[in-house]
Amino acid sequence: MEVFKQLKEFYWSERRFLYASIVCLMTATALGLVYPNLLRYLIDEVISKGQFSAVPYLALLVAGVMIVKATFQFLHGATSARLGNQTAFNLRAALYRKLQYLSFQYYDKARTGDLMSRLTADLQAVRDFIGFGFVQILNVIMMFAFGVIMMMSINWQLTLLTMICMPFLVYTAIRFEGKIHPAFRSIRQSMSSMTTSVQENITGVRTVKSFAREPHEIDKFAERNGNYKENNVLTAGIWAKYFPLMELFANLSVVILLGVGGWMVINESISLGELVAFFSLIWYIIGPMWGIGFHINNFTQSKAAGERLIEVLHQYEHVKNKEHALVLQPDQVQGHVRFDNVTFAYTDKQPALAGFNLDAPAGSVIGLLGGTGSGKSTVIQLLLRAYNVKDGRITLDGTDIRDISLESLRSQMAIVFQETFLFSSSIKGNIGYGVSDVTMEEVIQAAKLAKAHDFIMELPMGYDTIVGERGLGLSGGQKQRIAIARALLKNPKILILDDATSAVDMETEHEIQRGFEEVMKGRTTFIIAHRISSLKHADEILVLDEGRIVQRGTHAELMKQEGPYLETYKIQFADQPDDIDADTESIHSAAASAEQVKHDESAAEMAAASQVNVRGLAH
Ligand SMILES: Nc1ncnc2c1ncn2[C@@H]1O[C@H](COP(=O)(O)OP(=O)(O)OP(=O)(O)O)[C@@H](O)[C@H]1O
């Protein structure tokens, strides 16, 4: 019962329904005891004594009792449903809330299918037990107690004799519970592993098909499916073994009653009416005993399900607000970011970032370059406080980010991730996701800056076009542009572009970057890119390798040094040798003047687009 104690906060507020449900069911059960007594009266007082005129009155009485009993049963059903559903509602809301605040560390390992099955099947099992199962168990106890008392009042020796098999029945039921509980746990685990497999398969269907791995996927699923079947067969085996035993003990009681009770009637120790009443009372007891397997099953299932829910609810939140965490005042945030000797490792792996130092004054542009897995995204994840830094510290305007409330820290940042996620809503909804009370004009301006407006206008429903869960129907570059618009609309103090233009062609990238130049003004910007062209105007470029900074400086400075930066530059511009020569000689002036020409061409466009900043100034 420990599990249900721990879940108390979710149903205790609804205890009035619990009490009402118990009272109603017990009343209905007590009324059920009237039948055996009426039967006894009918045989001993009416039929044996030939008082047939009393039969219609007895029939009316039975009908009356039935109606009252049915009313109480209805009330029990209604109150139980209220209790169960309200509990499920409370639990669902708490679980969803918890999922929102669980840290990135949890989601690194979490499986979607498993979480989905906890939120659906497990929640339902708990709802059914709290709503119905618990009261039913109380009812079983009550039926047993009432039944035995009534039988005792007729004949205590016969009662004891017929009860002889009950301890065996109870013992078998308890053994059954001990076996069936772990079996149900295995069923749930294999069910969740199967759901995960289906979910991953549907999500990754393109990869599966492109590698023609359908047979492999079928085999993989067959294994999990087989596992699920095995667990069910095993559970059915436990049922098959214990149920006939329980039935045997139950029926033995009836045999004893008929044998001994019949002999007592012949000896006139009890009347015929009493034996008939006894007979219906013994079923009154055996019925719930028989059903005890079902109740135990219901209880064990919901106990296993409850454990899995508690596991999520008690999951440790790695990243959370300190007590009295600082809430930033948006208009006072400058955007000065510093990394002081930060070393960080995911789990117990070798550090993804080692001895990392960076000073990004407010409004500066920092470029991060490096091979895959060199730690670029980790810098951003740490700045976002997706993970807590334990070695070294990161500050925003001089305050350690661990002292700032997560919500207010992240509200000052907007990030465009490498992989774009779009919600299954309209394009307008997706662009306006990070901001409440957004106007259509602001959405359009952000989309224009991100060079998304034109293709959006070509869609059948324009900004009202619904894009799928994963932005289906849009190209990678189009999705990325929507994500960029979403970040720009948030008007952050710190803008982070994590390979944000990797999926767009060079020309579009160039256009987007011109848009960025405008919006980057007054914000600290971090740009992660593989293309040097995306970084060369940064105030400082850091070149990373295996979590360490191997080069740092401006584009012009780095171009004068032998090292990975120049190597990368040469590779990327290998087919434009003239550019390399020009660049290495007077990189800065050439680039600046080229940019100036392009800038002038789009001055009018920029003027309109930069109005999106109006929103930011107001903050
Ligand atoms: N969530 C995670 N859990 C465990 N290890 C991780 C996680 N994210 C990244 N890593 C590891 O940390 C190291 C740095 O990864 P990071 O994502 O920062 O590299 P990156 O430079 O951004 O690479 P890319 O350019 O491919 O995105 C890698 O070795 C990577 O395997």
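Placed from the backbone N, Cα and C atoms, the Cβ positions cover glycine too.
Sequence annotations record features per position, and here TrEMBL assigns transmembrane segment to 17-35 (among others).
The feature domain 'ABC transmembrane type-1' is assigned by TrEMBL to 20-301.
Residues or ranges marked as transmembrane segment in TrEMBL: 55-75 (among others). Listed as Cβ neighbours of the transmembrane segment (55-75) (distance under 8 Å, sequence separation of 6 or more from its ends, same chain) are residues 20, 24-25, 27-28, 31-32, 34-35, 38, 41-42, 46.
The transmembrane segment annotation in TrEMBL covers 129-150 (among others). Sequence-distant neighbours of the transmembrane segment (129-150) (same chain, 6+ residues past either end, Cβ-Cβ under 8 Å): 4, 7, 11, 18, 21-22, 25-26, 29-30, 32-33, 36-37, 76, 80-81, 83-85, 87, 159, 163, 281-282, 284-285, 287-289, 291-292, 295, 298-299, 301-303.
Residues or ranges marked as transmembrane segment by TrEMBL: 156-174 (among others).
Feature annotation from TrEMBL assigns transmembrane segment to 248-266 (among others).
Look at TrEMBL and you will find 272-293 (among others) tagged as transmembrane segment.
Per TrEMBL, domain 'ABC transporter' is recorded for 337-571.
Along the domain 'ABC transporter' (337-571), the predicted structure has mean pLDDT 85.
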